[in-house]
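According to Swiss-Prot, the feature domain 'Pyruvate carboxyltransferase' maps to 8-260. Annotation comment: Swiss-Prot describes ARG16 as site 'Transition state stabilizer', evidence class sequence analysis. Here Swiss-Prot flags ARG16, ASP17, SER170, HIS199, TYR290 as substrate binding site. According to Swiss-Prot, the Mn(2+) binding site annotation covers ASP17, HIS199, HIS201. As annotated by Swiss-Prot, active site, proton acceptor applies to HIS20, with the evidence given as sequence analysis.
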Amino acid sequence: MNLQGKKITVHDMTLRDGMHPKRHLMTLEQMKSIACGLDAAGVPLIEVTHGDGLGGSSVNYGFPAHSDEEYLGTVIPLMKQAKVSALLLPGIGTVDHLKMAKELGVHTIRVATHCTEADVSEQHIALARKLEMDTVGFLMMAHMNSPEGLVRQAKLMESYGANCVYITDSAGYMLPDDVRARLGAVRDALKPETELGFHGHHNLAMGIANSIAAVECGATRIDAASAGLGAGAGNTPMEVLVAVCDRMGIQTGVDVWAIQDVAEDLVVPIMDFPIRIDRDSLTLGYAGVYGSFLLFAKRAEQKYGVPAREILVELGRRGMVGGQEDMIEDTAITLAKARASKAQKVAA
(Lines of atoms letter the chains of each structure in order from A and count residues from 1; the text may use other names and numbers.)
(Lines give C-alpha, C1' and ligand atoms only; values in the text may rest on other atoms or scores of the structure.)
Protein backbone atom coordinates (compact mmCIF):
# COMPACT_ATOMS: atom_id res chain seq x y z
CA MET A 1 0.00 0.00 0.00
CA ASN A 2 1.24 3.48 -0.84
CA LEU A 3 1.27 5.52 2.38
CA GLN A 4 3.09 8.49 0.83
CA GLY A 5 1.88 11.73 2.42
CA LYS A 6 -0.14 10.06 5.17
CA LYS A 7 0.08 11.92 8.49
CA ILE A 8 0.23 10.16 11.86
CA THR A 9 0.68 11.24 15.47
CA VAL A 10 3.48 9.38 17.21
CA HIS A 11 2.85 9.10 20.93
CA ASP A 12 5.87 8.61 23.17
CA MET A 13 5.80 5.95 25.93
CA THR A 14 9.31 6.37 27.36
CA LEU A 15 8.17 8.15 30.51
CA ARG A 16 5.23 5.83 31.24
CA ASP A 17 5.74 2.33 29.81
CA GLY A 18 9.45 2.93 30.33
CA MET A 19 8.74 3.15 34.04
CA HIS A 20 8.26 -0.65 34.13
CA PRO A 21 11.90 -1.61 33.44
CA LYS A 22 12.96 1.32 35.64
CA ARG A 23 10.81 -0.14 38.46
CA HIS A 24 8.97 3.21 38.48
CA LEU A 25 12.08 4.90 39.91
CA MET A 26 12.88 7.54 37.30
CA THR A 27 14.17 10.74 38.82
CA LEU A 28 12.66 14.13 38.09
CA GLU A 29 15.89 15.14 36.35
CA GLN A 30 15.71 12.11 34.06
CA MET A 31 12.07 12.90 33.30
CA LYS A 32 12.92 16.52 32.51
CA SER A 33 15.88 15.82 30.23
CA ILE A 34 14.13 13.11 28.23
CA ALA A 35 10.86 15.04 27.93
CA CYS A 36 12.69 18.16 26.75
CA GLY A 37 14.67 16.09 24.24
CA LEU A 38 11.49 14.54 22.87
CA ASP A 39 9.81 17.94 22.71
CA ALA A 40 12.75 19.47 20.83
CA ALA A 41 12.78 16.53 18.39
CA GLY A 42 9.19 17.28 17.46
CA VAL A 43 7.35 14.47 19.27
CA PRO A 44 3.80 15.85 19.59
CA LEU A 45 2.46 13.74 22.47
CA ILE A 46 4.32 12.39 25.51
CA GLU A 47 2.83 10.12 28.19
CA VAL A 48 3.91 10.70 31.79
CA THR A 49 2.78 8.63 34.79
CA HIS A 50 3.52 5.58 36.91
CA GLY A 51 3.91 2.58 34.60
CA ASP A 52 0.45 1.36 35.58
CA GLY A 53 -1.11 4.77 35.15
CA LEU A 54 -2.44 7.41 37.51
CA GLY A 55 -2.73 6.05 41.04
CA GLY A 56 -0.50 3.06 40.24
CA SER A 57 1.66 3.56 43.33
CA SER A 58 0.90 0.47 45.44
CA VAL A 59 2.26 -2.77 46.87
CA ASN A 60 0.79 -4.62 43.88
CA TYR A 61 2.36 -2.51 41.14
CA GLY A 62 5.34 -0.85 42.82
CA PHE A 63 6.10 2.42 44.55
CA PRO A 64 7.56 5.20 42.36
CA ALA A 65 10.37 7.60 43.20
CA HIS A 66 7.92 10.50 42.94
CA SER A 67 4.17 10.99 42.78
CA ASP A 68 2.24 11.39 39.52
CA GLU A 69 1.64 15.02 40.52
CA GLU A 70 5.38 15.64 40.85
CA TYR A 71 6.22 14.01 37.52
CA LEU A 72 3.45 15.82 35.64
CA GLY A 73 4.06 19.11 37.42
CA THR A 74 7.74 18.93 36.48
CA VAL A 75 7.32 18.04 32.80
CA ILE A 76 4.25 19.96 31.62
CA PRO A 77 5.54 23.54 32.20
CA LEU A 78 8.71 22.76 30.21
CA MET A 79 6.99 21.65 27.01
CA LYS A 80 7.25 24.08 24.09
CA GLN A 81 5.17 22.22 21.49
CA ALA A 82 4.43 18.74 22.86
CA LYS A 83 1.24 17.90 24.73
CA VAL A 84 1.29 15.55 27.71
CA SER A 85 -0.95 12.53 28.18
CA ALA A 86 -1.70 10.29 31.15
CA LEU A 87 -2.86 6.69 31.36
CA LEU A 88 -5.69 5.72 33.70
CA LEU A 89 -6.90 2.21 34.49
CA PRO A 90 -10.33 2.25 36.16
CA GLY A 91 -9.98 0.48 39.49
CA ILE A 92 -6.43 1.81 39.90
CA GLY A 93 -6.94 5.44 38.89
CA THR A 94 -10.01 7.32 40.09
CA VAL A 95 -12.04 10.29 38.91
CA ASP A 96 -10.08 12.38 41.43
CA HIS A 97 -6.84 11.39 39.69
CA LEU A 98 -8.44 12.41 36.40
CA LYS A 99 -9.42 15.82 37.75
CA MET A 100 -5.92 16.29 39.18
CA ALA A 101 -4.39 15.53 35.78
CA LYS A 102 -6.66 18.04 34.09
CA GLU A 103 -5.77 20.74 36.63
CA LEU A 104 -2.05 20.13 36.06
CA GLY A 105 -2.46 20.64 32.32
CA VAL A 106 -2.69 17.08 30.97
CA HIS A 107 -4.09 17.29 27.43
CA THR A 108 -4.90 13.65 26.68
CA ILE A 109 -6.31 11.00 28.98
CA ARG A 110 -6.17 7.36 27.95
CA VAL A 111 -8.68 5.18 29.77
CA ALA A 112 -7.42 1.59 29.65
CA THR A 113 -9.32 -1.64 30.22
CA HIS A 114 -8.83 -5.29 29.39
CA CYS A 115 -10.03 -5.94 25.85
CA THR A 116 -13.30 -7.51 27.06
CA GLU A 117 -14.12 -5.00 29.79
CA ALA A 118 -14.77 -1.67 28.07
CA ASP A 119 -17.93 -1.25 30.14
CA VAL A 120 -15.86 -0.27 33.20
CA SER A 121 -14.52 2.79 31.35
CA GLU A 122 -17.81 4.67 31.01
CA GLN A 123 -17.50 6.91 34.08
CA HIS A 124 -13.92 7.98 33.32
CA ILE A 125 -14.40 8.50 29.58
CA ALA A 126 -17.59 10.50 30.13
CA LEU A 127 -15.90 12.74 32.71
CA ALA A 128 -12.84 13.29 30.50
CA ARG A 129 -15.07 14.45 27.64
CA LYS A 130 -17.01 16.68 30.02
CA LEU A 131 -13.65 18.21 31.03
CA GLU A 132 -12.98 18.77 27.30
CA MET A 133 -9.91 16.53 27.26
CA ASP A 134 -8.64 14.57 24.29
CA THR A 135 -10.23 11.28 25.37
CA VAL A 136 -8.87 7.90 24.31
CA GLY A 137 -10.20 4.40 24.96
CA PHE A 138 -7.37 1.88 25.30
CA LEU A 139 -8.20 -1.83 24.85
CA MET A 140 -5.34 -3.87 26.35
CA MET A 141 -4.24 -7.44 25.56
CA ALA A 142 -6.14 -7.19 22.27
CA HIS A 143 -4.90 -10.58 21.04
CA MET A 144 -7.25 -12.17 23.61
CA ASN A 145 -10.35 -10.95 21.78
CA SER A 146 -11.59 -11.60 18.24
CA PRO A 147 -11.95 -8.80 15.68
CA GLU A 148 -15.73 -8.99 16.18
CA GLY A 149 -15.35 -8.83 19.95
CA LEU A 150 -13.02 -5.85 19.71
CA VAL A 151 -15.52 -4.06 17.48
CA ARG A 152 -18.17 -4.39 20.20
CA GLN A 153 -15.77 -3.11 22.87
CA ALA A 154 -14.49 -0.23 20.73
CA LYS A 155 -18.02 0.89 19.92
CA LEU A 156 -18.83 0.94 23.64
CA MET A 157 -15.88 3.26 24.30
CA GLU A 158 -16.91 5.43 21.36
CA SER A 159 -20.47 5.60 22.70
CA TYR A 160 -19.17 6.80 26.09
CA GLY A 161 -17.41 9.69 24.35
CA ALA A 162 -13.94 8.47 23.31
CA ASN A 163 -12.71 10.42 20.28
CA CYS A 164 -9.98 7.83 19.68
CA VAL A 165 -9.81 4.08 20.39
CA TYR A 166 -6.59 2.10 20.68
CA ILE A 167 -6.02 -1.55 19.92
CA THR A 168 -3.21 -2.51 22.27
CA ASP A 169 -0.82 -5.43 21.85
CA SER A 170 0.23 -5.47 25.51
CA ALA A 171 1.92 -8.88 25.19
CA GLY A 172 3.74 -8.21 21.92
CA TYR A 173 1.97 -11.35 20.66
CA MET A 174 0.38 -10.15 17.45
CA LEU A 175 1.75 -10.57 13.94
CA PRO A 176 0.94 -8.13 11.12
CA ASP A 177 -2.02 -10.20 9.89
CA ASP A 178 -3.46 -10.20 13.44
CA VAL A 179 -3.14 -6.42 13.49
CA ARG A 180 -4.78 -6.02 10.09
CA ALA A 181 -7.71 -8.26 11.04
CA ARG A 182 -8.40 -6.42 14.29
CA LEU A 183 -7.73 -2.82 13.28
CA GLY A 184 -9.37 -3.25 9.92
CA ALA A 185 -12.58 -4.46 11.55
CA VAL A 186 -12.55 -1.73 14.20
CA ARG A 187 -11.80 1.02 11.66
CA ASP A 188 -14.76 -0.07 9.54
CA ALA A 189 -17.08 -0.07 12.57
CA LEU A 190 -16.18 3.28 14.16
CA LYS A 191 -17.43 6.68 13.03
CA PRO A 192 -15.12 8.26 10.43
CA GLU A 193 -14.24 11.08 12.86
CA THR A 194 -13.20 8.67 15.64
CA GLU A 195 -9.45 8.12 15.47
CA LEU A 196 -7.82 4.69 15.67
CA GLY A 197 -4.56 4.00 17.48
CA PHE A 198 -2.10 1.13 17.93
CA HIS A 199 0.25 0.33 20.82
CA GLY A 200 2.84 -2.37 20.18
CA HIS A 201 5.55 -4.25 22.04
CA HIS A 202 8.70 -5.67 20.52
CA ASN A 203 8.74 -9.14 22.12
CA LEU A 204 8.62 -10.88 18.72
CA ALA A 205 10.46 -8.01 16.96
CA MET A 206 7.17 -7.06 15.30
CA GLY A 207 6.81 -3.54 16.74
CA ILE A 208 7.64 -1.69 13.51
CA ALA A 209 5.92 -4.13 11.14
CA ASN A 210 2.77 -4.15 13.26
CA SER A 211 2.74 -0.36 13.51
CA ILE A 212 3.00 0.03 9.73
CA ALA A 213 0.23 -2.57 9.31
CA ALA A 214 -1.87 -0.46 11.69
CA VAL A 215 -1.25 2.67 9.61
CA GLU A 216 -2.29 0.73 6.50
CA CYS A 217 -5.59 -0.02 8.28
CA GLY A 218 -6.22 3.65 9.01
CA ALA A 219 -4.58 4.12 12.41
CA THR A 220 -3.52 7.74 12.89
CA ARG A 221 -1.93 7.42 16.34
CA ILE A 222 1.01 5.11 16.92
CA ASP A 223 2.75 4.52 20.25
CA ALA A 224 6.51 4.11 20.49
CA ALA A 225 9.29 4.63 23.03
CA SER A 226 12.75 6.09 22.72
CA ALA A 227 15.26 3.23 22.49
CA GLY A 228 12.21 1.01 23.00
CA LEU A 229 12.25 1.63 26.77
CA GLY A 230 9.17 -0.22 27.96
CA ALA A 231 7.86 -3.46 29.44
CA GLY A 232 9.12 -6.81 28.16
CA ALA A 233 11.43 -6.35 25.19
CA GLY A 234 10.19 -2.79 25.08
CA ASN A 235 7.79 -0.80 22.98
CA THR A 236 8.13 -0.13 19.28
CA PRO A 237 11.44 1.81 19.14
CA MET A 238 10.58 5.42 18.32
CA GLU A 239 13.76 6.30 16.44
CA VAL A 240 13.38 3.27 14.16
CA LEU A 241 9.68 3.92 13.56
CA VAL A 242 10.38 7.54 12.62
CA ALA A 243 13.13 6.50 10.20
CA VAL A 244 10.93 3.84 8.57
CA CYS A 245 8.04 6.28 8.27
CA ASP A 246 10.36 8.84 6.69
CA ARG A 247 11.50 6.24 4.13
CA MET A 248 7.86 5.42 3.33
CA GLY A 249 6.76 9.04 3.08
CA ILE A 250 4.59 8.84 6.21
CA GLN A 251 4.65 12.23 7.92
CA THR A 252 5.38 12.21 11.68
CA GLY A 253 6.77 15.72 12.16
CA VAL A 254 9.64 14.21 14.18
CA ASP A 255 13.26 14.94 13.29
CA VAL A 256 14.95 11.69 12.21
CA TRP A 257 18.36 12.65 13.63
CA ALA A 258 17.26 14.41 16.81
CA ILE A 259 15.13 11.46 17.92
CA GLN A 260 18.13 9.15 17.46
CA ASP A 261 20.14 11.44 19.73
CA VAL A 262 17.46 11.31 22.43
CA ALA A 263 17.64 7.51 22.41
CA GLU A 264 21.42 7.27 22.35
CA ASP A 265 22.38 10.17 24.60
CA LEU A 266 19.51 10.37 27.11
CA VAL A 267 17.61 7.09 27.32
CA VAL A 268 20.17 4.30 26.86
CA PRO A 269 22.41 5.70 29.66
CA ILE A 270 19.59 5.45 32.24
CA MET A 271 18.67 1.83 31.45
CA ASP A 272 19.14 -0.53 34.40
CA PHE A 273 19.62 -3.38 31.92
CA PRO A 274 19.57 -3.64 28.10
CA ILE A 275 16.08 -3.61 26.62
CA ARG A 276 16.33 -6.57 24.27
CA ILE A 277 14.57 -9.75 23.23
CA ASP A 278 15.92 -12.24 25.78
CA ARG A 279 14.37 -15.67 26.38
CA ASP A 280 11.94 -14.33 28.98
CA SER A 281 10.63 -11.39 26.94
CA LEU A 282 10.46 -13.65 23.88
CA THR A 283 8.32 -15.99 25.98
CA LEU A 284 5.98 -13.08 26.77
CA GLY A 285 5.35 -12.59 23.07
CA TYR A 286 5.20 -16.26 22.18
CA ALA A 287 2.83 -17.18 25.03
CA GLY A 288 0.81 -13.95 24.94
CA VAL A 289 1.59 -12.77 28.48
CA TYR A 290 1.14 -9.20 29.76
CA GLY A 291 4.41 -7.32 29.29
CA SER A 292 4.80 -5.81 32.75
CA PHE A 293 4.72 -9.32 34.30
CA LEU A 294 8.35 -9.79 33.24
CA LEU A 295 10.17 -8.26 36.22
CA PHE A 296 7.68 -9.83 38.64
CA ALA A 297 8.43 -13.26 37.13
CA LYS A 298 12.18 -12.65 37.34
CA ARG A 299 11.83 -11.73 41.02
CA ALA A 300 9.77 -14.87 41.64
CA GLU A 301 12.51 -16.92 39.95
CA GLN A 302 15.06 -15.58 42.44
CA LYS A 303 12.72 -16.25 45.37
CA TYR A 304 11.40 -19.71 44.49
CA GLY A 305 13.97 -21.17 42.12
CA VAL A 306 11.50 -21.64 39.27
CA PRO A 307 12.72 -20.28 35.90
CA ALA A 308 10.90 -17.11 34.87
CA ARG A 309 10.16 -18.71 31.51
CA GLU A 310 8.23 -21.55 33.17
CA ILE A 311 6.26 -19.06 35.26
CA LEU A 312 5.41 -16.95 32.21
CA VAL A 313 4.29 -19.94 30.14
CA GLU A 314 2.01 -21.06 32.97
CA LEU A 315 0.58 -17.54 33.32
CA GLY A 316 -0.17 -17.61 29.61
CA ARG A 317 -1.81 -21.03 29.92
CA ARG A 318 -3.99 -19.70 32.75
CA GLY A 319 -4.96 -16.65 30.70
CA MET A 320 -3.77 -14.14 33.31
CA VAL A 321 -4.24 -10.47 32.44
CA GLY A 322 -2.99 -7.08 33.63
CA GLY A 323 -4.05 -6.46 37.21
CA GLN A 324 -3.38 -10.04 38.31
CA GLU A 325 0.22 -9.41 39.34
CA ASP A 326 -0.48 -11.09 42.70
CA MET A 327 -1.05 -14.36 40.83
CA ILE A 328 2.55 -14.42 39.63
CA GLU A 329 3.79 -15.27 43.10
CA ASP A 330 0.94 -17.75 43.56
CA THR A 331 1.87 -19.44 40.28
CA ALA A 332 5.56 -19.58 41.23
CA ILE A 333 4.71 -21.20 44.59
CA THR A 334 2.51 -23.79 42.86
CA LEU A 335 5.23 -24.62 40.34
CA ALA A 336 7.90 -24.81 43.07
CA LYS A 337 5.75 -27.27 45.06
CA ALA A 338 5.19 -29.37 41.95
CA ARG A 339 8.94 -29.43 41.29
CA ALA A 340 9.69 -30.43 44.89
CA SER A 341 7.08 -33.18 44.79
CA LYS A 342 8.47 -34.52 41.52
CA ALA A 343 12.01 -34.48 42.94
CA GLN A 344 10.88 -36.45 46.01
CA LYS A 345 9.23 -39.09 43.84
CA VAL A 346 12.38 -39.44 41.73
CA ALA A 347 14.50 -39.73 44.89
CA ALA A 348 12.18 -42.40 46.26
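Glycine too: its Cβ is placed from the backbone N, Cα and C atoms.
Note that the structure is a prediction, hence the values are computed from the model and not measured.
Around SER170 (substrate binding site), a 10 Å sphere centred on its CB holds 31 further CB atoms from the protein chains shown.
Across all of the domain 'Pyruvate carboxyltransferase' (8-260), the predicted model scores a mean pLDDT of 96. Most buried of the binding-site residues HIS199, HIS201, judged by other Cβ atoms within 10 Å, is HIS201. With respect to their backbone Cα atoms, SER170 (substrate binding site) and HIS201 (Mn(2+) binding site) stand 6 Å from each other. In this structure the C-alpha atoms belonging to the residue listed as 'active site, proton acceptor' and HIS199 (substrate binding site) are separated by 16 Å. Listed in chain order, the extra residues whose Cβ falls within 8 Å of the Cβ center of the substrate site residues ARG16, ASP17, SER170, HIS199, TYR290 are MET13, HIS20, MET140, THR168, HIS201, GLY230, ALA231, ASN235, GLY291, SER292. Sequence-distant contacts (6 or more apart, same chain, Cβ under 8 Å) of TYR290 (substrate binding site) comprise MET140, MET141, SER170, ALA171, LEU284, LEU315, MET320, VAL321, GLY322. TYR290 (substrate binding site) carries neither a helix nor a strand DSSP state and counts as coil.
Rounded to the nearest whole angstrom, the C-alpha distance between HIS201 (Mn(2+) binding site) and ASP17 (substrate binding site) is 10. Listed in sequence order, the residues of the same chain lying 6 or more apart from ASP17 (substrate binding site) and placing their CB within less than 8 Å of its CB are GLU47, GLY51, ASP223, ALA225, LEU229, GLY230, ALA231, ASN235. ARG16 (site 'Transition state stabilizer') sits 13 Å from HIS199 (substrate binding site), counting Cα to Cα. Here the binding residues for substrate are ARG16, ASP17, SER170, HIS199, TYR290. Their largest Cα to Cα distance works out to 16 Å.
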